[in-house]
């Protein structure tokens, strides 16, 4: 009889719910383990089969750690603010709250049906005012610390959509949605000073147990580089152009400067002759996103301003150009171009027939830029020096002339924090009519997002909140001064920056979380999620955590000690699953047809957890067949315990059982679930080969299977005669001595030809080996009628019989 998954899974899910089996108690004296999933955005589509892969991995570890006696925190919640809900509301006229609530109900049902051991009493939802009260509170702390400020920033403004778009939402100067024209336009925005923490964010990566590739992505995003800031005087004016360069040693080869079209000096230094061309170029550049402008493959464009600067070391006059590949947001918004030794500058110089001066020997600058090492030439006092020595000397010379200094630069920009959208956390700031600005008093938090059916963009560049007078207009009760609330909202990243802290104390009305509880649970011991969050979410969360650490609110410098990225589950044809390809697999269907345990087992057995692997119906069926074999081994047709399960140990499974406990334990520690499952299969195969199976071994097996397939685990545990849940049963242990086989297989040869393979005890003497060999039927037949001349026995290896 195969097991009835629908019946069994429902039974145990109800049991766990009614008994609050997975409720985490704040027993601060017990050893702890905090296993965290990246909480999902509850979309209208519901869960897909990619979600359970990471969730199953953390669930296995959570269940395993409970059995090892750990106090486990394993929570779940919803990252529910953001554009898709707002877009749905705009398209349908429905309230994003209703849409979000309905989606969460679907997600929660699906997650519960997969048997994950979450403590639902700790559920959080970023759109719940009791949650975002603390998101707003953190913003106020950032503001008070000088880390939140208003700045005029060039943004992608789309008048037709009435909003600012991210770089990713702009393609070839038009909006991805609707194809409307997009312009670069300076607008006042809230910005968070993440750059203040750049060095810490970089240095502390070394202490984290994260994949090296992911750490490298963060290092590259922060992009720390050492070099020099250099000042070029603009000829015949008071102006100066400041540039940052990592190669100040090549300054004698700087034959022109390039400014971004938005650079503050452009309009004042451009000569009358070039004003029209410069203006036209600036207009064109404003239609492009930063991504388009810096695309290495695109053809270089630019315009001469008519102005010249003076090279501070050579004294030569150099032309000043503008070009859109230089961004105002990076460095100083200006570069010194050294075409002989930089590919991009070389391409630009060749296109516009500009001077190319070789200053490092070793290449042929007639054909290409030389970017290798070499001695300096045509470089005054730097001649003959190698790179490092020349860099040091160049900085020294610039400092002596007051024209430069050593400087560290970062690719990392401050975090543009405001969104002109409705469905987000209101920013708790009031702008007063006298030009001052204050945050909302903490005792008035949460500042509620007003309910409205008018959520279309305002058209002015402000968020739809600007249309709600009752929200916007305020009067100071003490002074009578009028003010306007900030109408921009926070980005979707805000709520996910700190949710792992709220899980620790989700119902606390007086503080973000109790300091003692934070001390007990932090840092997160295991965080599993997709690699798509490698930079932004993880960098932003680390930044907020470091600020909270400096404020004495959290006790650790880092939030997530160990991080792991699960791979992607592809469609059967090795393609990414997508609605348009029609190859998306709904977990609901699998739970119905094969069972949640089969889905969990299969996703863990597909291959290494971090690999991208194609879905296979055959593989799914194979996983179900394995669970059926386990069931049939232990349970009779009539549902009673098989008579094969006995209470006496005939030792036949000693070795394979102890090997299995060791292998599964070791593999769980390294998240090697696919090889752990292989070993469980080996054990079951061995059980089918023997007449009797020792009951404690089957109990140990069921304990190891239960974290992967918890419903069948609970059911088999009860069939084995236990009334309590398997959840908190002690994890099996193994005996080192029994891992080693006390038997060996020897070969028996007659006149050099193999005649038999025999298993014998390891400590069998030579004499006994000879006796055993000579009494073997095959050997007897081979030597019948012959005289035995010699018998050679090599302990634990072979017996060779010479007969004539």
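Using the three backbone atoms N, Cα and C, a Cβ is placed for every residue, glycine included.
Across the motif ''HIGH' region' (40-51), DSSP classifies residues as 1 helix, 0 strand, 11 coil. Positions annotated as motif ''HIGH' region' by Swiss-Prot: 40-51.
Same-chain residues lying 6+ beyond the ends of the motif ''KMSKS' region' (576-580) with a Cβ under 8 Å from its Cβ atoms: 45, 48-50, 568-570, 615. Per Swiss-Prot, motif ''KMSKS' region' is recorded for 576-580.
The Cβ of residue 579 (ATP binding site) lies under 8 Å from the Cβ of 45, each on the same chain and at least six residues away in sequence. The ATP binding site annotation in Swiss-Prot covers 579.
Same-chain neighbours of the motif ''HIGH' region' (40-51): 78-80, 82, 84, 88, 99-100, 103-104, 106-107, 110-111, 492, 568-569, 577, 579, 584-588, 590, 599, 603, 615, counting only residues six or more beyond its ends whose CB sits under 8 Å from a CB of the stretch. The DSSP breakdown of the motif ''KMSKS' region' (576-580), given as helix, strand and coil counts, is 0 helix, 0 strand, 5 coil. For the motif ''KMSKS' region' (576-580), the model's average pLDDT works out to 80.
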